[in-house]
Amino acid sequence: MLNDFFILMKFELLPAVIFFVLLFIKVGTAELSNASIIRLANILLFINLVAGFFYNKDGGMFGDMFHTNALIVLQKSILNLGIFIVSLQAEAWLRTHKHVIEFYLLLLSSLMGMFFMISGANLLMFYLGLELATIPLAALANFDLEKRKSSEAAMKLIMSSAFSSGLLLFGISLMYGTTGTLGFAQLPALLNGSNLQVFAFVLLFAGFAFKISVVPFHLWTADVYEGAPVPVTSFLSVVSKGAFIFVFASVLYTVFKPLADTWYHMLFLLSVLTMVIGNLFALRQQNIKRMLAFSSIAQMGFILIGISGSSQAGTASAVYFVLVYVFTNLAAFGVVALVSAQTGKEDITDYKGFHATNPVLAWVLAIALFSLAGVPPTAGFFGKFFLIMAGAAKQNYWLITIAALNMIVSLYYYLNLVKALFMDANASPVPKITFGVYAKLAIVICIAGMVLSGLASVVYEYIYNLSTGF
Amino acid sequence: MNNIAYLVPLFPLLGFLINGLFRKSLSKGTIGIIGCGTILLSFIVSLILFFDVKANGGVVVNYFNFIDVASFQIPFAFQIDQLSVIFLLIITGIGFLIHLYSTSYMHDESSEHFGRYFAYLNLFVFSMLLLIMGANYVIMFIGWEGVGLCSYLLIGYWFKNINYTNAAKKAFVMNRIGDLGFLLAVFWLLSKLGTANYVDVFEQASTGLSSTDVTAITLLLFVGAMGKSAQIPLYTWLPDAMAGPTPVSALIHAATMVTAGIYMIARSNVLYSLSPLTQDVVAVIGLATAILSATIALFQNDIKKVLAYSTVSQLGFMFLALGVGAYTTGVFHVMTHAFFKALMFLGAGSVIHAMGGEQDITKMGGLVKKLPITAWTFVIGVLAISGFPFTSGFVSKDEILLAVLAHSPVLFWFAVFAAILTAAYMFRLMMLVFFGGFRGTHEQEHHLHESPSAMTIPLIILGVLSLIGGFVQLPHVFGGEDFFNQFLAPIVPAVTHEGAEAATLEYYLLGGTIVILVIVYVVTKKLFAVDRFDGVYTGFKKVLADKWYIDELYNAVIVNPLDKLAGFLKNVVEKSGIDGIVNGVGKFVNYASRQLRLLQSGQVGNYILFMVLSIAVLFLVFWNQEIIVQFLQKIF
């Protein structure tokens with residue numbers, strides 16, 4: 001029994017252990033340098049990542065409040081990988097920061113919250129995990145302590161998060177009111193599509209939509225992404241979003257299966273809105289972080305298409321896309337973070353002639369942009385391909401056509417940046433960026449991931465076999 | 001033994017890859033050895049296959065499924081039978097001689113371009129072998145396109161000369177027009193029979209295809225043959241194709257590629273025999289081409305142009321034979337023509353080589369003294385093509401004439417006329433180049449020399465073949481064994497001319513030929529074996545010298561209107577129409593995004609208000625989902 005406890009909750013326990021190790025260092029007397037703290041934290045996160053692959057087991061605990069299975073393990077490992085890369089990339093920024101340990105403490109609490117949320121088999125458990133995942137994020141957004149914009153971002157995040165939590169909680173209580181249960185296993189049988197249930201579902205749906213920045217619940221995204229420190233932005237856009245997508249897909253497929261007709265049309269409507277508006281906004285952005293923020297909104301629209309397929313391929317393609325997105329978006333944000341940390345430049349025009357001074361970084365960013373745009377043979381192409389394939393199974397070709405047109409629009413702003421990197425002349429380009437071993441490692445992981453997860457078909461097949469259908 | 005069939009195309013492919021990839025690092029000697037050696041190996045394998053087929057008959061060798069979709073399969077298979085082995089021997093045998101000749105002819109090229117030349121040449125042989133060996137129309141089409149590509153690459157080999165690249169483009173485009181016909185025919189076959197395998201198609205042709213189908217398919221296939229084998233109206237590319245190096249003209253534009261159309265029709269003889277209409281079309285177009293190009297050849301002053309028009313004319317003869325149902329005769333003429341036309345092209349190359357690149361025959365004359373081997377082998381070629389008794393050309397051409405006579409006396413007399421023209425332009429060429437006095441500059445005269453042995457050995461071998469190559473199909477009346485027709489009999493039903501009547505006709509033809517050749521000899525010797533020749537023509541001769549103005553006609557009727565249409569589409573439709581739409585969409589997207597930006601005010605209060613409104617809308621929309629479903633279905 002105890003053995004089961006450790007194995008089933010391994011993913012949640014490991015961050016807790018690391019959390020306490022770091023906390024003891026903080027309160028202890030030993031004065032460690034930033035460099036050694038970062039080294040220690042990264043080693044621990046690496047161990048955390050590797051440990052996730054061994055001794056896994058399916059099962060449930062706490063009277064069906066908590067459950068885990070092979071797909072959930074994979075999802076958590078993807079998040080572990082994401083946080084490891086984020087931590088590697090944060091090194092350039094944290095090196096001189098006064099509160100390194102706090103950064104990691106907040107990051108780990110948030111991660112733990114996500115894991116509980118993913119493993120939650122009860123709306124209450126899910127809600128607790130979600131709150132634990134969200135609240136540290138607001139503190140993290142404020143982590144550039146001297147910058148006004150950072151504080152502004154934190155305020156906006158916490159206020160709108162609080163609002164969305166309110167929505168979720170309201171939805172959950174209405175759900176409980178109509179069904180008398182919060183358990184995932186019991187709910188489907190009790191859902192009958194009454195107006196009150198639909199209303200509760202809309203509230204829950206809106207809460208999720210807020211978390212994964214689906215239009216029209218996306219408005220906070222750009223402001224927060226722009227103001228927050230770049231590593232936090234990349235954590236928000238990749239790890240946090242990924243966690244919510246995992247939960248969203250599985251909740252829709254299992255708990256709200258009886259309302260499939262409703263949410264299919266909702267997904268259809270919101271995915272179109274999200275792709276179109278995300279792209280239209282991205283077109284006009286001058287700040288590279290805002291541009292990436294809106295592009296990530298547009299990407300969410302594509303994920304909704306895959307989820308709308310309501311099939312095994314729907315789950316598999318969404319999970320696969322998140323994996324690809326971890327590599328791709330972190331590659332892009334990694335370069336942006338380096339440039340931002342060393343020069344403070346964040347405008348697209350600043351990137352003109354970037355290739356002349358920083359050929360390696362320019363290529364990394366270009367490959368990431370191609371992958372975001374879905375250009376073969378990068379993994380981004382396969383990610384979008386599988387999403388659209390999953391969506392096409394519903395034979396809703398209008399949705400597919402709109403998605404294809406949106407990919408063309410998105411090419412414009414991605415290629416515009418590539419053009420700036422390689423072709424535009426600039427009298428004073430970004431100076432030569434120096435990057436250490438952490439950033440190098442992050443870049444190698446991202447590039448290898450972008451190439452391999454696309455070309456190695458076993459990756460998708462593996463995910464597909466773990467996924468469950470409708 | 002048939003399991004080694006794949007080696008035949010494999011060797012040239014390897015040669016192509018090696019020479020193509022490593023042309024910058026290999027020496028010319030190595031490139032030459034690889035280029036020639038691979039073809040020689042192919043020739044040896046072809047010989048083995050030949051004796052195997054002779055002993056055991058033909059087979060189809062399946063390798064893998066090239067296309068495999070549901071119930072529809074296109075196997076990658078080779079058909080090794082009597083018809084294909086003959087072509088294999090012609091292609092690899094003559095191909096080897098021409099490769100050997102090229103090592104010397106192209107020796108002034110830089111090593112890299114030398115390698116490019118042999119890579120193309122090997123690729124050509126590979127494609128041609130695929131065309132011949134394929135056991136269905138799809139594999140044939142791969143080869144068919146491949147040879148077209150190589151022809152294009154080799155015509156434009158000296159790509160710095162804009163005229164040469166234009167000639168290459170012309171050849172490619174003309175061929176593509178024909179290829180379209182070929183493709184349509186294959187599609188038609190696939191849609192009616194569901195298979196493109198020769199064996200299945202010919203077995204099911206009489207039952208599975210209506211007579212309309214057969215006629216349409218055969219006519220479309222013939223359109224393909226028109227392009228590839230330069231028949232009216234798609235023949236004008238072949239004379240221009242002489243822009244390529246002379247050995248290329250010999251190999252591709254005389255001996256092998258241009259006979260692909262004949263091979264294809266001979267292969268499809270079952271289909272053609274089912275459609276008398278198509279057969280008549282083939283015969284008439286073949287004969288018309290033979291006469292038209294022979295008249296043009298009479299007044300050309302470029303040594304290669306004369307040979308080019310002569311090739312077109314001889315191809316016309318072959319189609320004439322096919323059209324009257326004498327398929328074996330057509331194939332036989334392919335073989336003999338390959339001997340003597342390759343011989344004459346290589347001879348012309350030797351002359352051009354000696355004259356320092358000069359191709360104008362008005363500036364030559366009397367070369368027999370300085371280039372004896374070239375000259376006398378060329379004379380053999382001229383005699384063979386003119387049908388001098390017991391040369392290879394005599395046997396094949398007489399057989400064509402007899403087959404035509406059996407079919408239609410009217411066509412026969414036209415064919416005789418074309419044959420007389422053939423003798424006339426060939427003797428004229430021979431007299432102008434090799435006899436009379438030298439008309440070029442002193443410098444050219446000083447440089448005249450016989451070519452090296454790598455060039456003369458192929459000439460001699462081809463000369464011998466041109467002389468005795470006909471004996472495999474010597475008429476019975478002269479003690480022949482009819483070997484060729486009997487060998488092909490399992491694939492192509494032979495038309496035999498037996499009995500006393502045929503014997504009498506043979507003697508008439510023999511006598512007539514001798515009389516005509518003597519007259520032609522006397523007249524041309526007087527007119528053209530001269531010390532001065534200006535080569536300027538007036539009146540009707542000028543019309544012929546200017547090729548009946550066919551090129552100008554095509555330009556006026558097809559090329560210029562197309563150009564104008566393209567200009568209209570580019571300047572009017574694209575600029576104001578399509579560009580306008582595209583730019584309009586871009587402007588609209590820009591505008592929309594500018595307006596939407598107002599939403600993003602930066603005020604959290606506004607954001608939350610907007611979210612609340614959105615939730616209200618979502619709830620209203622999904623409150624009664626029947627309504628929205630119906631609404632969505634109405635829109636989309």
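All positions are counted from 1 along the displayed chain.
Quick reminder: no glycine exception, Cβ is built from N, Cα and C everywhere.
According to TrEMBL, the protein carries these features:
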TRANSMEM  B:6-22  transmembrane segment
TRANSMEM  B:29-51  transmembrane segment
DOMAIN    B:67-118  domain 'NADH-Ubiquinone oxidoreductase (complex I) chain 5 N-terminal'
TRANSMEM  B:114-132  transmembrane segment
DOMAIN    B:136-422  domain 'NADH:quinone oxidoreductase/Mrp antiporter transmembrane'
TRANSMEM  B:138-159  transmembrane segment
TRANSMEM  B:180-199  transmembrane segment
TRANSMEM  B:281-299  transmembrane segment
TRANSMEM  B:306-328  transmembrane segment
TRANSMEM  B:334-352  transmembrane segment
TRANSMEM  B:373-390  transmembrane segment
TRANSMEM  B:410-435  transmembrane segment
TRANSMEM  B:507-524  transmembrane segment
TRANSMEM  B:604-623  transmembrane segment
For the transmembrane segment (B:138-159), distant same-chain residues with Cβ under 8 A (at least six beyond the ends):
66-67, 74, 76-78, 116-117, 120-121, 123-124, 126-132, 165, 167-169, 171-172, 175-176, 179, 182-183, 186, 196, 224, 228, 240-241, 243-245, 248, 252-253, 256-257, 260, 264, 267
Mind tallying the domain 'NADH-Ubiquinone oxidoreductase (complex I) chain 5 N-terminal' (B:67-118) by DSSP state, helix then strand then coil?
32 helix, 12 strand, 8 coil
Counting Cβ pairs under 8 Å that sit 6 or more residues apart, are there three or more between the transmembrane segment (B:410-435) and the transmembrane segment (B:306-328)?
yes
Spatial neighbours of the transmembrane segment (B:306-328) far in sequence, C-beta under 8 Å, 6+ residues away:
225, 229-231, 235, 238-239, 241-242, 249, 253-254, 258-259, 261-262, 265-266, 269, 272-273, 279-291, 293-294, 296-297, 300, 334, 337, 341, 344-345, 348, 361, 385, 397, 399-400, 403-404, 406-408, 411, 415, 418, 421-422, 425-426, 429, 484-485, 488-489, 492-495
Counting only pairs 6 or more apart in sequence, are there at least 3 Cβ pairs under 8 Å between the transmembrane segment (B:334-352) and the transmembrane segment (B:373-390)?
yes
